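As written in Swiss-Prot, here are the features:
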type    : residues                  : note
BINDING : 10-17, 57-61, 119-122     : GTP 1 binding site
BINDING : 181-188, 228-232, 293-296 : GTP 2 binding site
DOMAIN  : 4-167                     : domain 'EngA-type G 1'
DOMAIN  : 175-350                   : domain 'EngA-type G 2'
DOMAIN  : 351-435                   : domain 'KH-like'
Amino acid sequence: MPLPIVAIVGQPNVGKSTLFNRIINERVAIVEDRPGVTRDRNYARASWMGHQFSIIDTGGITWEDSTIDEEIRAQAEIAIEEADVIVMLADASQGVTSLDERIAHLLYRADKPVLLAVNKADNPEQRTDIYDFYSLGLGDPIPVSGSHGTGIGDLLDEVVKNFSPDAEKTEEGVISFSVIGRPNVGKSSIVNRLLGEERVIVANEEGTTRDAIDTPFVKDGTKFRVVDTAGIRRRGKVYEKTEKYSVMRAMSAMERSDVAILVLDASTGIREQDKHVAGYAHEAGLGMIIAVNKWDLPKKDSSSGKDFEAVIREEFSYLDYAPIVFVSAKTGKNIDQLPKMVKEVYENKNQRIQSSVLNDLLLEASRLVPAPMVKGKRLRVYYMTQVKTNPPTFVVFCNDPELMHFSYQRFLINQLRENFDFTGTPIKILPRKRK
């Protein structure tokens, strides 16, 4: 099961981003920031009272005619579709506005839990004024102050009450993967070809809140679940072509995935949108496979394949761990290799290395390349241990974490890759001061 998703929506300038940031700072723990549309820092994974969830901050909803306003509204509507719980934020100092009423009517149609939070209720008089917001028909208004932090705990208590009891459970023994990429690269065709070639189709399951089709199947005795981002219903060609729309669709799929297959179009080459989606998947810590589709076209031979692979390695240098496979959804070329590759990446991503073996490697690495001097002070590395899998994460204890330059972390990652099979998975190094 995917993590529950909470969307914060409302008109402009009611304090949505302030509330979002306050939740991140005030809750018990932030699991990790999620990039993507996230250069705007509007997507994070969080927890409250033991409940993990993803939270989305959206732009202010208006019904102006400008292209920017239309795109912002489209993004908010996508977030509403994705969400399990919606928080509508209003402004106590403004009172109930016509925009609030229009947004409330939009949320009536969502057919999912909606909580009404009234921001800037900073004093008793403003808290009394919130009763006007009952007119929106969204239940009891919850007074909050994003700037001061009051009422945030009460709001989050109500949020987690609305999570499905099964929302945070995971299905054992099933490898979930998503097929991601910009529009029209052949994602849906690859999924259809993949499923059409399987001997056993277990069942089709439609996501109850997301309109994305998760399809379980069995291949060579292994249970898989493919998340087809193309199954999310479209909102029209103008939004289908926007970069953020594509990333939002990919984000939803990645929340339900162990591994992502990034599909590139051999006929059009690499676009900026490809890099945006790939960057999100990489920073989210997913296992990665790069599938170059439409390799059935003329003039696609082994020589041009090597050339294209070189371009991929240059453009996606941060994905140097991801295997590349040339496929054709039209002819079926190499499609049957994808489940096998997904399984291998999943296993690599979840392997655990004994500390004694790691420290032997660390000792040998120190002999090969002595720890560097930084500002006249030498880095001293003492020992390494693996603290988690999925993705593999290693803590390296040293005399001063600030002395461990990125280049030395990269060296240690390369040593790990040379000695163990981490194909397809990112590796994280966390320097820590030895106590």
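Backbone N, Cα and C atoms are what each Cβ position is placed from, and that goes for glycine too.
On the structure: features taken from Swiss-Prot.
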residue	record	Cβ neighbours (10 Å)
G10	GTP 1 binding site	25
N13	GTP 1 binding site	10
K16	GTP 1 binding site	28
T58	GTP 1 binding site	25
I61	GTP 1 binding site	23
A121	GTP 1 binding site	25
G181	GTP 2 binding site	30
N184	GTP 2 binding site	12
K187	GTP 2 binding site	27
W295	GTP 2 binding site	22
- Message: Return only the integer: C-alpha distance in Å from A121 (GTP 1 binding site) to K187 (GTP 2 binding site).
- Response: 47
- Calculate the distance in Å between the alpha carbons (Cα) of T58 (GTP 1 binding site) and G181 (GTP 2 binding site), and round it to a whole number. 22
- Residue pair N184 (GTP 2 binding site), I61 (GTP 1 binding site) - Cα distance, angstrom, rounded: 28
- Message: Return only the integer: C-alpha distance in Å from G10 (GTP 1 binding site) to W295 (GTP 2 binding site).
- Response: 45
- Could you find out if DSSP has K187 (GTP 2 binding site) as helix, strand or coil? helix
- Using DSSP, would you call K16 (GTP 1 binding site) helix, strand or coil? helix
- On the domain 'EngA-type G 2' (175-350), the mean of the pLDDT values is 77
